[in-house]
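Noted in TrEMBL for the protein shown:
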type    : residues                   : note
BINDING : Asn51, Lys52, Gln53, Asp54 : GTP binding site
Amino acid sequence: MVRSGMYRGTHAVIAVTESSDRAKISIMKDELFRLLRHEQLRTSVILVFANKQDIKDAMTLAEIIDALSLHSIKDHDWHIQACSALSGEGLYNGLGWISQQVTGKVQT
């Protein structure tokens, strides 16, 4: 259950998907779209970290975009970032994207 005001002031949503887990990608999609229905998130940007890109047979970014139906998201700016949490590769790039997107959107 979501409490009223829980997402107030949220400027970015970060979703992390495991690129090697094809079975759970549909669960991630359902959760992401459920989350984006919240009125308080209507101006938030979305960053999807495609984690475990270093694993053999990991889904490509294009496969993840399709599986999550990211192209159908028209009312939010979104970005997908390949990463490896183990090595840290891609994490700063993704967070840098969020920083650029929310600059000027922060309410004082």
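The backbone N, Cα and C atoms fix where each Cβ goes, glycine too.
Same-chain neighbours of the GTP site beyond Asn51, Lys52, Gln53, Asp54, judged by a C-beta within 8 angstroms of the site's C-beta center, are, in sequence order, Glu18, Ser19, Ser20, Ala50, Ile55, Ala58, Ala82, Cys83, Ser84, Ala85, Leu86. Counting Cβ atoms from all protein chains shown, Asp54 (GTP binding site) has 16 others lying within 10 Å of its own Cβ. Counting every protein chain shown, 19 other Cβ atoms lie within 10 Å of the Cβ of Lys52 (GTP binding site).
Here Gln53 (GTP binding site) comes close to Ser19, Ala82, Cys83, Ser84, Glu89, Gly90: these same-chain residues lie at least six apart in sequence, with C-beta atoms under 8 angstroms from its C-beta. All protein chains shown were included, and the count of other CB atoms within 10 Å of the CB of Asn51 (GTP binding site) stands at 22.
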